[in-house]
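Heads up, the thing below is written out as structure tokens.
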Amino acid sequence: MSTHQAEDLATFMEGVQRRNPGEPEFHQAVHEVAMDIIPYISDKPIYKDLKILERMTEPDRIISFRVVWQDDSGDIRVNRGYRVQQNNAIGPYKGGIRFHPTVTQSVLKFLAFEQVFKNSLTGLPMGGGKGGADFNPKGKSDLEVMRFCQAFMTELAKHIGPDTDVPAGDIGVGAREVGYMFGQYKRLENRFEGVLTGKALEFGGSLIRTEATGYGAVYMMQDMLTHHGESIDGKVCVVSGSGNVATYCAEKLLQLGAKVVTLSDSSGFVYDEEGFTHEKLQWVMDLKNKRRGRIEEYAHEFGAKYHEGEEPWGVPCDLAFPCATQNEIDGEEAKLLINNGCRGISEGANMPTTPEAIKVIQDFPALLHAPSKAANAGGVGVSGLEMSQNSLRLSWTREEVDERLRAIIRGIHDQCVEFGTTSEGHVDYFRGANIAGFNKVASAMLAYGVM
Ligand SMILES: NC(=O)C1=CN([C@@H]2O[C@H](COP(=O)(O)OP(=O)(O)OC[C@H]3O[C@@H](n4cnc5c(N)ncnc54)[C@H](OP(=O)(O)O)[C@@H]3O)[C@@H](O)[C@H]2O)C=CC1
Ligand SMILES: O=C(O)CCC(=O)C(=O)O
């Protein structure tokens, strides 16, 4: 980056920080994109003159609302819900809903901003949005979760629709929560339409949507390795998380002949030196999705080691798949991974590496590193396919959806190579994903004129 570009970046970021005080996650996500886009547009005055990046960083609107519900003991509870409608230049707003006590406007703005670029990369007509609430589903009964979801949807329904904004799941929002929200939308609007994705198969869901994010993160790794003359077969893999993304990431790794040795939750991680099997993984899915237990129980059941309060990045591995949450790999952990022999990271979670970690990894170009907006786009990609199936009123087969998912990820990999290959022949997957994601949205915004 030239001195002039570095000054432009600093000025741009000062504006973002001034307009969005106290939103560190949002600043981080914008900075990660601006580092690549500001040099890219430095010789393209139309983008600068028409303030395309400034406009992209300002959400179209943010809806924030009260969610009131009654717990099982009859007490009234109050939470705050949000929907950030970031940008609909290339299609209806699209992105998940997160229920977690750490949800703030800053977290949802970073996720919505990332979603715009990710959705653009899929090649499907989807804009970007994200929503959620500071509600903690952990420890709540099914009926409490149902009452919360119904109260949340009672307000959200006024702002969404199959051609306006189509939410889906994210942390704390899986099949159960999507079912409750879809049911409430249907009741309120008296319309059966594809207003949410990630629905169960019985009422308009798509095959492979549940698996898609985890599978996609592995397909992305497969494409990076193939491009560099290697394969997944036989690689030792460290996976964090034990939710939707982590478990299906592990499943696809096993199918492709890798050895998965860790899974985690917010309390700690389990290290199974012999490796997970399909049966063990099924046990974890049952533990997490039905019994709603803790990963520690796996260690007691299968005799693996449990590391309380720790993350798995110190475990020697060939490949790492952060699939839990944002900023889960910091600079020191990135160094640890590299020193222990890790040669590939595919980000299943959104923004799981801190800026310090990215810097450490960039200084070690032999490590292949796919950013979340590319690596986890399989989830929203299959959500886009669910929208298509809902509009067509038909269901594609498992093979058909998987083939389309495979093609979406291959397309994303190719775009990263096209826009991210440096003069030394190294592929900077972050740069490639940022520029390719930006181009399509920016072109659409230019076509619409000043708005
Ligand atoms: N679901 C999807 O289709 C998509 C998800 N993503 C991203 O993937 C990541 C995981 O989502 P998903 O699997 O759906 O969510 P789940 O709720 O199914 O699972 C989340 C997992 O991450 C752990 N976790 C959550 N927060 C923290 C934290 N603060 N510290 C440590 N561990 C944590 C959870 O542990 P615990 O149970 O203890 O909280 C759980 O194991 C998120 O970053 C999400 O945005 C990205 C694209 C699509
Ligand atoms: O499937 C979707 O619409 C959203 C998935 C999501 O939230 C994400 O990609 O982070």
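Numbering starts at 1 and runs along the chain as displayed.
Glycine too: its Cβ is placed from the backbone N, Cα and C atoms.
The record from TrEMBL ties Lys94, Gln115, Lys118, Gly169 to substrate, and of the options Ser346, Ser383, Ser388 it ties Ser383 to that site too. When the Cα atoms are compared, Asp170 (site 'Important for catalysis') and Asn244 (NAD(+) binding site) turn out to be 9 Å apart. Among the binding-site residues Lys94, Gly169, Asn244, the residues whose Cβ lies under 6 Å from any atom of ligand 2 are, in sequence order, Lys94. Among the recorded positions listed (Gly169, Asp170, Thr213, Asn244, Ser383), Gly169, Asp170, Thr213, Asn244 have a CB atom closer than 6 Å to some atom of ligand 1, in sequence order. If you compare every pair of Cα atoms in Lys94, Gln115, Lys118, Gly169, Ser383, the residues listed for substrate, the longest distance is 16 angstrom. Cα of Lys130 (active site, proton donor) to Cα of Thr213 (NAD(+) binding site): a span of 16 Å. Each of the binding-site residues Gln115, Thr213, Ser383 was scored by how many other Cβ atoms lie within 10 Å of its Cβ, and the smallest score goes to Gln115. Within 8 Å of the Cβ centroid of the substrate site, not counting the listed residues Lys94, Gln115, Lys118, Gly169, Ser383, the chain contributes Gly95, Gly96, Asn119, Met126, Gly128, Lys130, Ala168, Thr197, Gly379, Val380. Taking the C-alpha positions, the distance from Asn244 (NAD(+) binding site) to Gly169 (substrate binding site) comes to 10 Å.
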